[in-house]
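Here is what TrEMBL records for this protein:
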- B:HIS167: active site, tele-UMP-histidine intermediate (ACT_SITE)
- B:CYS41, B:CYS44, B:HIS114, B:HIS165: Zn(2+) binding site (BINDING)
- B:4-177: domain 'Galactose-1-phosphate uridyl transferase N-terminal' (DOMAIN)
- B:192-330: domain 'Galactose-1-phosphate uridyl transferase C-terminal' (DOMAIN)
Protein chains: 2
Amino acid sequence: MPDLRKDPVSGRWVIIATERAMRPNDFKIEPHAPLSADVFCPFCEGNEDKTPPEIMAYREKGSYANKKGWRVRVVPNKFPALKIEGGLNKQGVGIYDTMSGVGAHEVIIESPLHITSLTEMSIWQVEEILWTYRDRMIDLKKDKRFIYGLLFKNVGRAAGASLEHSHSQLIVTPIVPITVIHEMEGSEVFYKYRGRCLFCDMVRQELATDARIVMEGKNFIAFTPYASRFPFEIWILSKTHASHFENIQKLEVEELAKILQKTILKLEACLTYPPYNYIIHTTPFTYGEIEYYHWHIEIIPRLTNIAGFEWGSGFYINTVTPETAAEFLRNANIQNNNEDMKL
Amino acid sequence: MPDLRKDPVSGRWVIIATERAMRPNDFKIEPHAPLSADVFCPFCEGNEDKTPPEIMAYREKGSYANKKGWRVRVVPNKFPALKIEGGLNKQGVGIYDTMSGVGAHEVIIESPLHITSLTEMSIWQVEEILWTYRDRMIDLKKDKRFIYGLLFKNVGRAAGASLEHSHSQLIVTPIVPITVIHEMEGSEVFYKYRGRCLFCDMVRQELATDARIVMEGKNFIAFTPYASRFPFEIWILSKTHASHFENIQKLEVEELAKILQKTILKLEACLTYPPYNYIIHTTPFTYGEIEYYHWHIEIIPRLTNIAGFEWGSGFYINTVTPETAAEFLRNANIQNNNEDMKL
């Protein structure tokens, strides 16, 4: 009998169709493209003039903007979804509402070398990527036109990536995205009823149950959520309450870098370099510290097509139970001779 | 400057990125597979024993169940997402909620011949498909465990179809899908504020504006919605208020068959047989006639990949304005020497 499970955050139901459960190697995966050193890459060191001028970079002392010598580099997206200049110009069009597409669309180039995965980097590089995320959020938050910053990563063509060189993106919008509105509404209802943060409760229950834990550190857990929409979906949550990603502490950055890299290493080991997205869900700029919403990272391997049923209903059919996925991920044979990766 | 537009039904915002607007032939489309008569197809006439036993069929007089002689045939999905037998067994698991995956998952085989598109059928066949949709909804509605019936069609592998033989599916669930909950909430808020049905207002405004109309009949319009998530997204709405699809009138079925077939013919002409989904959004079984929600069909061509941004935010970047798409669709050169298709 399939199992229906409700995600307490969004209110969304998921069908866990255990009877047609698949093993990880049943997925026909188009792995993300191998290194192709002969194809021109605008993100590689030496090609700085092929991107729009940089917004910021972590660079070696004495090196110059838009020249060699950077470690992480942030540039505007060459084909931005939103434009940085101009007013919001909010207006009605009959029953409809519109505003100008004002916002920011930045690309975080994660390495001067042409590497395609976070897992090929040293841990200090992953830390610097997280610091870049934080610095850009804090900078863009100052602009009163902007309400929300969405940090995400697309890996592999099936996950929407058009370049293989490891990179993330930040889109800053003048509205709160509908998914975040629904998540905040769901967790506020829980908070009003129970007087506790839903995500903090989730951490406690997951640690007590243990069946869905992929990894546990001092400050973070990685787990497969109870109502996983997708096979091998993984969330990373901080164990203590925190509403805003950008208020992360230095010691937490160090641990998060390890747990993120190790989680993706496990995913790559289980699923042979799957295409995936990760997205940081955090509280809008316009809110101070709040008790009911808790920032987190959602990692979504892109193994299956979304069909009409999912589009029409917003509920998902998942053929791998999160408990099975967690077990595979826990047991994944990762080469861990890197002392840095010890949690 | 890109344009941000809000869908008044769901509250979802869409970025219309006009500056990187694409023409229809810019889309790299994997057209749905051509006829492959030599591949075994369990949906073809003569292979009735290769599907689970039929639930119902429209058949020639004197023909027998699970034998030749049918025109439309409904069978249980061989790999159902939900099972018809058993109780709901609702329960809590700590902070989580679960119930048994009880429901129906049926396949509507639309023709005894191996054809792959609604547009290759006679109009009476499309009408019979709509009658089948209605009959199955009315039958399943009697079961008090079931709350919602979702009718949808996947065409092409990229849209989630695993067989090319023209078919639709019906999934009946013991809960209201989250998308429908959000749509009903959005339109109820509008109704409380304005005292009118949002969808009826939409029909009036679209007819007055004219820029997004694809086709108009006596009872229905097909149009590209103001906040289209996807290039060439099309909605079909009845011009008079109706909350439940299954209460459709006979004259309306006749017109809807024409408008649906002609819309898809136009889509196929503009985009060279794109993969697509359509979904019927209707009111849950447990509601009587309501004033604020209005059933409709959403047609979604599957031209682009969904990337991390869309997953994380629930808002969409669309590179073709609905006004441009509607113009292309209106002007599509369809062979219309079929008198039947006159609206």
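Cβ coordinates come from backbone N, Cα and C, glycine included.
Across all of the domain 'Galactose-1-phosphate uridyl transferase C-terminal' (B:192-330), the predicted model scores a mean pLDDT of 94.
Looking at B:CYS44 (Zn(2+) binding site) and the residue listed as 'active site, tele-UMP-histidine intermediate', their Cα atoms lie 11 Å from each other. Annotation for B:HIS165 (Zn(2+) binding site): same-chain Cβ neighbours under 8 Å, separated by at least 6 residues, are B:CYS41, B:PHE43, B:CYS44, B:ILE109, B:SER111, B:HIS114, B:ILE115, B:THR116. When the recorded positions B:HIS114, B:HIS167 are compared by the number of other CB atoms within 10 angstroms of each CB, B:HIS114 has the fewest. Residues of the domain 'Galactose-1-phosphate uridyl transferase C-terminal' (B:192-330) grouped by DSSP class, helix first, strand second and coil last, total 55 helix, 28 strand, 56 coil. In sequence order, B:PRO42, B:PHE43, B:ASN47, B:LEU113, B:LEU163, B:GLU164 are the same-chain residues whose CB sits within 8 A of the CB centroid of B:CYS41, B:CYS44, B:HIS114, B:HIS165, the residues recorded for Zn(2+) being left out. In the three-state DSSP assignment, the secondary structure recorded for B:CYS44 (Zn(2+) binding site) is coil. A coil conformation is recorded for B:HIS165 (Zn(2+) binding site) in the three-state DSSP classification, outside any helix or strand.
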